[in-house]
């Protein structure tokens with residue numbers, strides 16, 4: 001059609017032509033294409049569903065979600081909720097999900113901290129610091145994360161001693177190849193008061209910060225917000241803790257028989273996973289941070305200096321806020337990547353969602369279809385909701401032009 | 001989203017897909033393609049393990065070779081698919097393999113909910129514990145509080161919980177997906193105890209960096225009847241597999257070996273005559289020739305020979321016949337007669 | 001009023017004097033870059049100490065104490081031994097080819113060579129005939145590679161994919177993923193920009209779905225669920241199933257990269273194409289895509305890097321890629337020693353690193369080359 005247009009007679013092709021061919025009408029074509037696509041999709045979905053149903057029935061495999069209430073019968077190494085082999089598969093699912101969330105949240109925190117430090121170091125005036133940061137980034141982002149996890153796991157295991165000759169750490173903690181055992185604090189009666197006090201202090205701090213900000217905007221008077229807020233958040237709980245008679249009991253780990261009893265154990269799998277994910281993701285975050293800071297024009301800093309603003313304040317008030325706008329969108333996708341990469345826990349035996357649910361539960365029930373669909377749905381929900389939150393946050397940070 | 005469809009379609013067209021109608025007549029299908037597709041483990045010494053040249057050996061492997069011998073008179077007409085614990089059932093259900101011979105425990109739920117039909121028990125096993133000798137433990141009752149290495153997706157994982165619970169003990173599970181990973185974790189000292197089927201423990205002990213530093217505790221905490229399985233819904237294939245297994249046992253009981261099977265054809269014993277197809281044609285009913293059992297025994301030997309060759313006392317594993325002796329010798333291996 | 005007395009303008013050029021001694025050479029550089037401020041000096045000293053502490057053991061392990069030659073674990077099991085390169089040396093063939101039959105390995109080498117012949121000219125901007133080159137890489141090469149690697153035609157012995165392994169599998173998965181994800185990604189990106197609601201919705205759902213789930217669940221799906229989706233009796237090769245999963249997964253990421261390029265094309269280009277009377281496909285093919293793809297080449301290379309690293313995940317579903325085969329060999333009793341795993345991991349990491357670092361440098365090079373006409 002396009003070729004004809006160049007050679008052929010223009011009037012015959014005019015839109016209002018007397019012979020409007022259906023085939024060439026873009027609107028009609030559009031409907032036809034869409035209808036065809038929809039038909040193919042529906043047929044495909046139906047085909048898959050019917051094949052699956054037939055396969056499952058033919059092979060006499062149980063289906064449905066009834067297995068969620070059945071007794072699980074296996075133990076899980078690390079659980080944030082009460083779980084035993086008497087719990088149900090549904091409980092096992094929650095344990096796995098919480099473990100995934102735990103590693104994702106901690107990993108994001110560590111990766112962000114390391115990433116920002118390294119990213120800033122890559123722009124540091126010191127040549128040596130710059131080079132070390134560059135080497136860090138180039139090494140860690142060019143090696144598969146799975147390989148790094150396996151390496152850390154093996155490294156952690158081979159370096160640490162048996163629990164009998166574990167390394168004594170401060171505060172009664174102990175480091176061995178069973179992990180890092182730290183004392184556990186058990187709240188006694190009255191500890192609730194401390195928690196409530198802490199919550200009130202946080203609320204009060206937010207109110208004060210808002211008030212101080214509003215006052216500064218209105219009058220230009222500054223207020224030592226940081227000091228007051230810190231005093232509130234730290235002081236109030238400590239004071240209440242002392243007043244209520246120190247309602248925390250410390251449970252120290254004790255070596256009995258094979259292993260430590262009591263305390264909280266950070267398992268080697270957990271440590272290796274956290275280490276590996278944080279170090280890997282931090283390399284990417286560092287690059288994002290560097291690009292973000294470089295994206296802020298040097299003129300901005302110069303202008304700030306011309307106004308007499310000190311370098312440290314310039315960085316905090318001029319450069320970083322502008323850099324954050326560039327940093328946040330790619331940072332979000334790194335957070336999501338970390339969350340998704342946490343599923344590699346299955347390779348080193350950390351009981352995350354994939355390991356517990358699409359590993360053990362899938363094997364014990366044999367219901368591959370249901371289990372995999374649920375697992376995917378969980379990650380999809382996590383991804384989409386994080387993306388939605390970050391979009392909202394991003395739109396708040398966006399440049400408001402006057 | 002026709003895009004999902006294109007690769008699937010393209011994939012189906014590509015010649016490396018083996019499209020086969022595995023519906024009912026598995027045997028016809030196998031005969032057509034010229035080999036038996038057999039699902040085995042990714043490597044467990046004595047049961048299914050590739051040697052240096054990539055040839056598969058082991059008890060589970062020999063069972064598949066026996067089936068191939070019965071059909072094709074060629075123990076090499078087998079292709080092996082190494083399967084993880086997780087993949088194994090789907091692989092069988094979907095027709096990827098014709099037989100699953102992968103030290104799999106026969107349980108009720110696997111029989112009823114997962115579409116498996118167990119052929120028989122080629123190895124009576126039970127779950128045991130292995131520990132480093134340096135711990136100075138002599139009984140499984142003393143391992144309260146230990147860290148236990150276990151492979152995920154096995155009955156072992158469930159038995160372990162039950163055992164500790166029943167004895168009022170606690171443990172820290174270290175659960176890994178792959179056998180090699182579990183071995184490595186135990187070898188690295190990540191856990192105090194390794195648990196799996198006792199036969200597996202003997203095999204795994206050999207792969208440790210210092211095998212003599214480890215011992216298997218005497219307690220057996222479960223029944224683990226291991227055997228090959230086929231898909232439900234194909235009675236002919238099921239019967240064929242069952243009788244290949246029975247033929248191996250009957251041959252041992254009658255003293256027929258790989259070496260003397262030709263002479264035995266001339267035997268006057270009516271039982272031997274029926275088994276070897278000299279008298280009657282029992283093979284036809286399962287789609288085989290009359291001398292099917294001769295082919296089997298010529299191909300792989302009788303059950304006793306297979307056992308001795310792969311796991312017996314003469315091998316590095318050094319496992320006694322024990323429960324796996326014939327019923328005539330106080331064991332549990334018993335086959336119905338050919339009649 | 002003519003005064004000539006003030007003509008002190010020199011007629012000869014005064015030679016420029018050398019910079020002061022402390023403003024050139026290493027001392028000056030060091031002062032500016034290493035010891036500019038007290039804090040700066042402190043940082044330098046601390047890092048220097050750290051390197052002095054960390055580097056010698058690493059170098060000792062990798063080079064000076066390393067065992068370079070040997071026939072078995074005996075060589076590496078000695079006290080204080082560093083990396084056991086003898087292990088890598090002995091197993092090198094396996095790491096590259098997996099269990100591919102020894103006599104047939106020339107076929108793999110030939111495929112590697114064919115691939116390089118296609119790749120090198122397309123990567124160098126100056127070489128002409130890019131169109132034919134791309135045709136070779138995307139159409140001729142895959143067919144040749146398939147025939148050579150799988151065999152079964154022209155008297156070549158058939159080699160099952162379960163025997164493939166090592167770097168061969170890593171490259172097969174990566175190259176297939178890349179080759180399949182480009183066209184799929186273009187279609188999806190166009191679909192997402194489409195004005196037809198059904199097509200747009202389908203593309204968005206497809207892209208967001210694959211981007212929202214971890215690759216490992218995709219691989220689980222392809223290894224455990226895909227067989228159940230197909231008509232009874234249909235059977236897929238295990239490697240092929242993984243390839244389908246990887247291709248779909250990476251096409252979603254590719255689509256997003258290409259969408260970025262499409263969005264960067266000014267509206268005038270679309271309007272110009274329409275004004276020329278070009279239909280949708282001609283205008284895309286002749287006007288929009290050439291420009292859009294050109295801007296996103298760095299992005300495309302970056303997603304290649306990501307995909308290349310992600311190929312290592314196939315080991316979790318029991319396909320022995322480079323990492324998988326290296327790990328498998330740790331259990332070889334003939335080579336089991338305390339340093340074997342570390343050596344194997346370092347070797348694998350180095351191989352991956354060389355590929356990924358090379359690709360990222362190439363992406364930088366292209367970025368700089370392209371950084372000409374598009375800045376406004």
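In case you wondered, yes, glycine gets a Cβ from its N, Cα and C as well.
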Where TrEMBL places transmembrane segment among the ranges A:316-341, A:368-393: A:368-393
Of A:62-91, A:92-121, the range TrEMBL labels transmembrane segment: A:92-121
From A:170-189, A:270-289, the residue range that TrEMBL assigns the feature transmembrane segment: A:270-289
From A:7-27, A:133-153, the residue range that TrEMBL assigns the feature transmembrane segment: A:133-153
